[in-house]
Protein chains: 2
Amino acid sequence: MGWGDLGAFGEPSKETPNLDQMAAEGMLFLDFYTANPLCSPSRAALLTGRLPVRNGFYTTNGHARNAYTPQDIVGGIPDSELLLPELLKKAGYVNKIIGKWHLGHRPQFHPLKHGFDEWFGSPNCHFGPYDNRERPNIPVYRDWEMVGRYYEDFKIDLKTGEANLTQLYLQEALDFISKQQASKQPFFLYWAIDATHAPVYASKQFLGTSQRGLYGDAVREIDDSIGKILNHLQKLGITENTFVFFTSDNGAALISAPKQGGSNGPFLCGKQTTFEGGMREPAIAWWPGHIPAGGVSHQLGNVMDLFTTSLSLAGLQPPSDRQIDGIDLLPVILQGKLIDRPIFYYRGNELMAVRVGLYKAHYWTWSNSWEEHGKGIDFCPGQSVSGVTTHTQEEHTYLPLLFHLGRDPGEKYPLSFASEEYQRAMERISGLVQQHKATLVPGQPQLNVCDQAVMNWSPPGCEKLGKCLKAPESDPKKCFWPH
Amino acid sequence: MGWGDLGAFGEPSKETPNLDQMAAEGMLFLDFYTANPLCSPSRAALLTGRLPVRNGFYTTNGHARNAYTPQDIVGGIPDSELLLPELLKKAGYVNKIIGKWHLGHRPQFHPLKHGFDEWFGSPNCHFGPYDNRERPNIPVYRDWEMVGRYYEDFKIDLKTGEANLTQLYLQEALDFISKQQASKQPFFLYWAIDATHAPVYASKQFLGTSQRGLYGDAVREIDDSIGKILNHLQKLGITENTFVFFTSDNGAALISAPKQGGSNGPFLCGKQTTFEGGMREPAIAWWPGHIPAGGVSHQLGNVMDLFTTSLSLAGLQPPSDRQIDGIDLLPVILQGKLIDRPIFYYRGNELMAVRVGLYKAHYWTWSNSWEEHGKGIDFCPGQSVSGVTTHTQEEHTYLPLLFHLGRDPGEKYPLSFASEEYQRAMERISGLVQQHKATLVPGQPQLNVCDQAVMNWSPPGCEKLGKCLKAPESDPKKCFWPH
């Protein structure tokens, strides 16, 4: 989803009454970011509280390339990383992930090996259908074992867009919450639904209900589900000790628009880019009785903050043996404080841009290559800002392009290099960037090697279902990341 | 102001708490339009309930050219037009205009000759300062006579952007309301402030208070003033019989961005164009006790509807001897009904586009000329949609470009001409357009002739102030309208 996909954030069909209500009862974050404009690294950052360049969710196969975890990826979340559920366990939490994991699908990367107690969902995107010869269909797991595959046991009709997955994920969520409440155990639920990711889907009852087409149907179903989850918490009487946060893992994928892509509101470009449209996210914190209703925060926030904030809520300290990039947002949420902190915009192994206060400095600009663009792959459809949405990687490290996001949220008007304002702002930003770079210890890159042998041929449990497939011979290669 | 300038409409700095509150207490219109992407024709349409092509506020000097009422315009609102205040008078209303009139500044066009009882404001935009030789400074009137001129008696500091005009207009509004309430007379107040029109200004207390720069300061002052007006109505205990409507006369002028231009949210282009950014407006209806709080309407609305709706509120019928384009919105506002009606997008003498339901058909596309664009005049900065934001006037009358504004609010993806959806939608639209064109009786164009002799040299009252200037000889010419 993108920043502009919710009514509360100005989506013109205003079809998210439950999320809008959640915002009215909670706190809206207007300046909230992901750690990366792509799914896997963003999710790895959320669960580790660390930038992908630290936790290994990046590639060095090319400069400033987006990478993720397709079926043939060899890497995944390293054991050395400490995930939020692993830490929450120490405080007695039961942890469940529902939906897309995306931190690696080989056995050692299984979510139940990284702190989760339960899982219902899939390790990869719901791409397909595949022929199970060149490429297997993506499995769906319950806990340790697969229970079927997409397009086989879990239907997705690519023609109509019908799939009942969000309903399955919703029921899983409600059941888990009920169960934990019955046993009086504290819980952490990571509800990682993916209906707005192409191929976009919605249940029959939501198909055709949106002004916005199939994408809007998917948004409506997610909105409806979130309403049901919050309502469930209310019915169980546990809203006052349940903290809920809604956000997205990257900006709307404008390449999939208009049929399968959402809105980044007034911001530039979308998913895959380090412009605001790729990285600024809708975000709402909800905790009745604690968070003042109708609050609006300009805190620069990041998905990595959810790691630190959740630990704080559980009375835990973040690990002290490693650099944690997330900050504790509780003073912001509960006391309305503003914490001064930069936002780093990475694309793969490169720091593309930095936001400090209302200023954003671009050290590198790139949308995608001319070659890709010529094939119709466009991350900025209908938008073109000369010298900014460039189709070659443009270096500005010696004289960064500087934007004032208050006056110019769309990143259209770089400040004059000669202006006093430029000098003043860059002085501060340069210091922060130097410090960041000087102390950065990059992790071992996990997204460099691909091998068809590691695909989901025979996930655990396949034998019970008669769904084991024969893997081809191992043939490790450098993964190809085009943008 | 543009659609995207209010927090309630997704402006990312969310600095309009009073307007957002007004929306929360009233009804938000998400699909509300002006009758023209430029000030004078839009205001003429608001006050007559009729399209500019009917009421004469257009030009035939060129095809599809925007025209307005600069100082040297010879025309203005014809006597044959019936203005809202003229009609409201019959129901005992006292009518006041505060701010910019813009329907002609020659004596016969004076607002007090067209139904208003009181006026404080100016006939034209606050451009200047002028030298009073080539061109006089714009006068400010109180009722029949001028009380000074901009940049002389009413200061606007172009360097700092400081001017206290909005405060003057606010005080006028509060005083007028108090006076009418004291005398128990029903009133119509047309509060036509212009702080967000370049040169943008704000009072000292608001300067530098916005994240958005001077433009944001102006928005904050307007927002604050509207809060004070609503609060005043509350204090007087007359909210239950006072209907308040907030809207704008055209989309944000992106040519003035980023320093003096606002936001049209996710929409294409801005003022001067018939894309959504030029004509879709923020709109809020407020009437506590009558309008359900927190309502949101997808009614296709238009500034011309305020004419008919206001008459309806006063128990009056619209004139039956002429075509009225505005509809009565009360069933929408009070009973949540949706009325099926088209929106016509005119630029000068040409019907550029039509919206019916969620479909918008472009019969002509044009942003502005290559020549102007080459000089840096850009109505769509950072936006470029191939074949849509054209720099030559492109005719599509035989095969209109069709957009679905639900799936594609940004007008980026025209529907395939071959699709069934295209055929079905165009069938309906074509019928409505044919009917509209067949019955249209264009008014005498008022914006064709310009003459330096008619400028504000010696407005009534100038002699008392010693501010009469000598007019040059009459030299009537065709006005030049570049876009």
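Note: Cβ is positioned from N, Cα and C throughout, glycine not excepted.
Here the domain 'Sulfatase N-terminal' (B:1-315) has a mean pLDDT of 98 out of 100. Feature annotation from TrEMBL assigns domain 'Sulfatase N-terminal' to B:1-315.
Of all the Cβ atoms in the protein chains shown, 24 others lie within 10 Å of the Cβ of B:CYS39 (active site, nucleophile). As annotated by TrEMBL, active site, nucleophile applies to B:CYS39.
In the three-state DSSP classification, B:CYS39 (active site, nucleophile) falls within a helix. The 3-oxoalanine (Cys) annotation in TrEMBL covers B:CYS39.
Per TrEMBL, the feature Ca(2+) binding site maps to B:CYS39, B:ASP249, B:ASN250.
According to TrEMBL, the active site annotation covers B:HIS102. Under a cutoff of 8 A between CB atoms, and with a sequence separation of 6+ in the same chain, the neighbours of B:HIS102 (active site) are B:CYS39, B:SER40, B:ARG43, B:TYR68, B:THR69, B:PRO123, B:ASN124, B:CYS125, B:ALA192. Taken residue by residue with DSSP, B:HIS102 (active site) is part of neither helix nor strand, so it is coil.
Summarising the annotation, TrEMBL assigns N-linked glycosylation site to B:ASN164. Reduced to three states, the DSSP call for B:ASN164 (N-linked glycosylation site) is coil. All protein chains shown were included, and the count of other CB atoms within 10 Å of the CB of B:ASN164 (N-linked glycosylation site) stands at 19.
B:ASN250 (Ca(2+) binding site) sits 23 Å from B:ASN164 (N-linked glycosylation site), taking the CA atoms of both as reference points. Excluding B:CYS39, B:ASP249, B:ASN250, which define the Ca(2+) site, the same chain contributes B:THR34, B:ASN36, B:PRO37, B:LEU38, B:SER40, B:PRO41, B:SER42, B:ARG43, B:SER248, B:LYS271 within 8 Å (Cβ to the Cβ centroid), listed in sequence order. With respect to their backbone Cα atoms, B:ASN164 (N-linked glycosylation site) and B:ASP249 (Ca(2+) binding site) stand 22 Å from each other.
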